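For reference, the structure is listed below as structure tokens.
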Amino acid sequence: MDAASVLDQYVQDLANLPSEVAHILEEVRDKDLKFYETRKRIQQRDNQIHKFIRANGSLAENPKEQAAYPKIRQDFQTAMELQDEKCTLAAQALTLVAKHVKKLNDDIDKLDAEGLLGGAPPQKPISANRSRATSSATPAPEPPSRNYTRDRANSRRGGSPAASRSSTPGTRPPKKRATDKNNEAASMSKESSVGASEQLRNMPETVAVGSLDAAIRAGPGEDDEVLYCFCQQPSFGEMVACDNDDCQYEWFHYDCVGLAEPPQGVWFCPSCSKGRKGDKKKR
């Protein structure tokens with residue numbers, strides 16, 4: 001016994017199942033029609049009795065009433081029998097289908113017990129913090145250094161501010177609290193403990209979906225697992241740096257902060273801008 005032979009046999013066994021079920025349902029339909037005809041006769045006889053009472057009063061004797069009662073009782077009995085037969089046919093159809101399902105489950109259990117179903121594990125849904133099992137031949141571009149970006153922004157303040165936020169990032173941004181290998185590992189561990197699910201739960205639904213779509217389009221980034229942005233994912237696609245030196249996240253994916261192009265001039269992330277509303281008004 002192997003999986004292929006079990007599948008082939010199961011398909012053959014199911015060949016006649018549609019026609020068998022259709023035949024049972026046709027019988028149910030036929031009994032349905034008989035039931036409605038029987039109920040219609042009962043209603044007609046009952047209407048005749050009530051019509052006579054409305055015309056002659058309830059004390060007047062109806063010569064046809066006594067003859068109608070046995071027929072009404074007989075029709076009720078017929079209707080109940082038809083309903084029971086319909087239930088029996090429905091149970092037959094259920095048993096017929098359940099028999100094939102049980103046979104398939106039994107065969108699957110046998111194959112599993114013999115170790116013949118040891119295929120690849122099921123795919124898991126995309127997770128924000130999971131390690132990427134595949135590496136990209138062309139790694140995703142990374143955000144430029146914060147200082148490099150600010151220097152360019154200051155030097156070109158009189159020209160095009162958008163040039164300070166290049167859509168083709170260069171070197172990897174340094175983490176402020178990770179100056180060496182040990183500190184970097186500790187920082188990553190601390191950020192991971194926060195949990196991507198908690199961060200995404202606090203984000204608007206449209207932002208979270210946009211961030212995930214952007215990650216899928218960009219593909220896997222570098223081998224490091226340094227996390228950025230509200231979504232706490234590695235760098236991918238286009239990213240922008242917050243101009244607040246004390247920003248908790250530093251770098252942000254465009255989709256996560258609702259950007260479609262490089263921002264003009266000084267830019268603060270949503271978290272930092274809340275505390276700098278007064279400064280913005282002065283500027």
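Quick reminder: no glycine exception, Cβ is built from N, Cα and C everywhere.
Annotated features, as they stand in Swiss-Prot:
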- C229, C231, H253, C256: Zn(2+) 1 binding site (BINDING)
- C242, C247, C269, C272: Zn(2+) 2 binding site (BINDING)
- 184-200: compositional bias 'Polar residues' (COMPBIAS)
- 115-201: region 'Disordered' (REGION)
- Y228: site 'Histone H3K4me3 binding' (SITE)
- M239: site 'Histone H3K4me3 binding' (SITE)
- D243: site 'Histone H3K4me3 binding' (SITE)
- W251: site 'Histone H3K4me3 binding' (SITE)
- 226-275: zinc finger (ZN_FING)
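Taking W251 (site 'Histone H3K4me3 binding') as the reference point, the binding-site residues whose C-alpha atoms are within 10 Å of its C-alpha, out of C229, C231, C242, are C229, C242. Neighbours of Y228 (site 'Histone H3K4me3 binding'), defined as other CB atoms within 10 A of its CB across all chains, total 23. DSSP assignment over the zinc finger (226-275) gives 9 helix, 8 strand, 33 coil. Between the binding-site residues C229, C256, C269, C272, the minimum number of other C-beta atoms within 10 Å of a residue's C-beta occurs at C272. Closest by Cα distance to M239 (site 'Histone H3K4me3 binding'), from the binding-site residues C229, C231, H253, C256, is H253.
The residues near the Zn(2+) 2 site, meaning same-chain residues not in C242, C247, C269, C272 whose C-beta sits within 8 angstroms of the mean position of the site's C-beta atoms, are D243, N244, Q248, Y249, E250, F252, F268, P270, S271, S273, in sequence order. The zinc finger (226-275) scores a mean pLDDT of 84 in the predicted structure. The local packing around W251 (site 'Histone H3K4me3 binding'), expressed as other Cβ atoms within 10 Å of its Cβ over all shown chains, amounts to 24. Around the Cβ of C242 (Zn(2+) 2 binding site), a 10 Å sphere holds 22 further Cβ atoms from the protein chains shown. C229 (Zn(2+) 1 binding site) sits 10 Å from C242 (Zn(2+) 2 binding site), taking the C-alpha atoms as the reference points. A simple way to gauge crowding: the CB of H253 (Zn(2+) 1 binding site) has 25 other CB atoms within 10 angstroms, across all the protein chains here. In this structure, D243 is the one among the recorded positions C231, M239, D243 with the smallest number of other Cβ atoms inside 10 Å of its Cβ.
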